[in-house]
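Novice: In case it's useful when we look at the structure, here is the feature table from Swiss-Prot:
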BINDING   87-93, 115-117, R381, 407-409, 490-492  GTP binding site
BINDING   D88, E89, G90, K91, N113, A114, G115, H116, T205, R219, Q300, T315, R379  IMP binding site
BINDING   D88, G115  Mg(2+) binding site
ACT_SITE  D88  active site, proton acceptor
ACT_SITE  H116  active site, proton donor
BINDING   N375, I376, T377, G378, R379, P380, R381  substrate binding site
Amino acid sequence: MNMSALTFNSTPMITTATATDDRSRILGYNGTHSCSRLSRKKNPSIMACSTTKPLAPVVDHHGVNESGLSRIESLSQVSGVLGCQSGDEGKGKLVDMLARHFDIVARCQGGANAGHTIYNSEGKKFLLHLVPSGILNEGTTCVIGNGVVVHLPGLFKEIDGLESNGVSSQGRILVSDRAHLLFDFHQEIDGLREAELAKSFIGTTKRGIGPCYSSKVIRNGIRVSDLRHMDTFSQKLDLLLSDAAARFPDFKYGGPDMLKEEVERYKKFAERLEPFVTDTVHFINGAISQKKKILVEGSQATMLDIDFGTYPFVTSSSSVAGGICTGLGIAPRVVGDLVGVVKAYTTRVGSGPFPTEITGKVGDFLRSAGQEFGNITGRPRRCGWLDIVAVRYCCQINGFASLNLSKLDLLSDLSKIQLGVTYRLPDGSILNSFPSDLHLLEHIKVKYEVLPGWLSDISSIRKYSDLPKAAREYVERIEELVGVPIHYIGIGPGRDAFLYK
């Protein structure tokens with residue numbers, strides 16, 4: 001494939017990168033045009049930011065123009081943002097932007113296996129795992145719902161990091177008393193479980209998510225409300241630790257001494273957590289009655305859902321629309337508009353089938369330019385063309401009212417872009433649905449449509465109509481194939497790098 005590289009003209013504020021000729025060589029350089037994106041070394045915790053002001057016109061409403069404001073204000077009282085691929089789509093950025101127009105932002109499932117990256121108005125990067133992405137907006141209350149599994153040391157570390165950067169959490173973060181506690185030992189046995197699976201490993205984040213949900217399902221888990229009863233907490237924790245030791249010989253339970261130490265630790269945690277603990281079911285339903293606007297922030301994505309994802313290479317919770325009701329305790333009839341977030345190409349971290357995966361120069365380029373390394377593990381993400389079959393399947397399950405197409409700017413270097421539009425079986429017949437059979441999925445052939453690239457920097461554009469014709473054709477072809485309108489388009493990491501269609 002013939003691709004064109006960029007001439008770099010930005011002044012980096014924080015970066016470990018250098019602009020070298022390597023990128024031009026890799027991309028088969030044959031022309032010049034300007035762009036502010038840098039080729040960066042693998043370091044997912046560092047982001048290059050330009051000190052130059054954007055070329056976009058100044059707009060009101062915190063960077064949202066009139067068209068965007070109309071889109072946002074039309075969203076229903078209870079709306080949601082969910083992943084439409086395999087995670088890492090950019091949900092946090094959309095939630096951060098929408099949160100300014102909502103009273104409450106709520107997490108309904110998952111745990112610290114989420115990694116949502118957002119930026120404040122000064123361009124400072126925040127990586128959130130448990131705290132909802134609405135936290136940077138002072139008027140927003142952030143709810144951690146009953147469906148979330150909460151690792152208290154991680155939560156407090158996150159809160160401390162926010163506080164040290166001037167972001168107050170006092171009175172703004174509510175933790176469900178029904179949420180289950182994720183302990184350090186859950187993380188340890190998560191790793192032991194992966195070691196047991198050997199070559200069949202799932203590729204978890206080793207954050208203890210699966211073991212904690214397992215404790216919940218077999219009904220010996222410990223909930224946040226149990227911290228109010230430390231007289232029985234010790235007995236419950238002893239049962240959990242004993243079960244882990246019986247199941248995993250390599251897990252060393254130190255008996256009474258270890259138990260006593262852990263109980264004392266959680267007594268301190270309980271005292272600190274108490275101001276945050278709330279009956280969030282009562283709180284959210286009360287807010288609905290008071291006509292407050294609520295935005296639900298999904299974590300992971302549909303293709304990682306425990307039921308509808310590429311099982312067993314999935315997460316341990318319901319990351320589709322149905323998880324909103326079970327994870328927050330609200331009725332299905334109150335859930336309104338859902339926005340699916342779709343990256344302009346496809347990525348996946350960890351194991352599992354990947355029909356449109358790209359190997360070689362193009363895949364390496366997308367990984368490097370897009371900083372495609374897992375927010376949790378730092379593992380390089382696998383990259384591929386946009387899989388229309390999978391996206392259509394996700395839209396069918398969730399009933400998305402609209403989509404957010406993120407990272408469109410990352411395709412600006414490509415002279416040709418492919419869309420995976422059809423799955424074909426080995427015998428040549430068309431597969432009309434996304435298969436549950438992974439063996440079948442690994443052997444399907446993908447039929448592609450090839451679209452022209454636009455080979456120009458779009459990161460400073462702020463009106464959809466100003467996009468190059470080829471970029472608009474790419475967006476509109478996705479809409480045609482999927483059958484869901486794209487209302488939001490991400491064209492860079494910054495808060496204002498958004499287009500409204």
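Yeah, the Cβs are placed from backbone N, Cα and C, and that goes for glycine too.
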Novice: Could you check the binding-site residues G87, G378, P380 and say which one's CB has the fewest neighbouring CB atoms inside 10 Å?
Specialist: G378
Novice: Out of these recorded positions, H116, R379, R381, which one has the fewest other C-beta atoms within 10 Å of its own C-beta?
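Specialist: So among H116, R379, R381, the recorded positions given, the one with the fewest Cβ atoms within 10 Å is R379.
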Novice: Return the member of G87, K93, G115, Q300 nearest to R381 (substrate binding site) in space, with distance defined Cα to Cα and candidates limited to these binding-site residues.
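Specialist: Result for R381 (substrate binding site): the nearest of the binding-site residues is G87.
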Novice: Given the binding-site residues G87, K93, P380, L408, I491, which lie within 10 A of G115 (IMP binding site) by CA-CA distance?
Specialist: G87
Novice: Taking just the CA atoms, what is the gap between L408 (GTP binding site) and Q300 (IMP binding site) in Å?
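Specialist: L408 (GTP binding site) to Q300 (IMP binding site), Cα-Cα distance: 20 Å.
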Novice: Pick the one among the binding-site residues N113, T117, Q300 whose Cβ has the fewest other Cβ atoms within 10 Å in this structure.
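Specialist: Comparing Cβ neighbours within 10 Å for the binding-site residues N113, T117, Q300, T117 has the fewest.
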Novice: Where does G115 (IMP binding site) sit in the DSSP three-state scheme?
Specialist: coil
Novice: In the three-state scheme derived from DSSP, which category covers P380 (substrate binding site)?
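Specialist: For P380 (substrate binding site) - judged by DSSP and reduced to three states - the answer is strand.
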Novice: Given the binding-site residues G90, G115, which one has the fewest other C-beta atoms within 10 angstroms of its C-beta?
Specialist: G115
Novice: Test of understanding: give the count of other CB atoms lying within 10 angstroms of the CB of K93 (GTP binding site).
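Specialist: Excluding its own Cβ, the number within 10 Å is 27.
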Novice: Please give me the recorded positions out of N113, H116, Q300, P380 that lie within 10 Å of K93 (GTP binding site), comparing Cα atoms only.
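Specialist: So the list reads H116.
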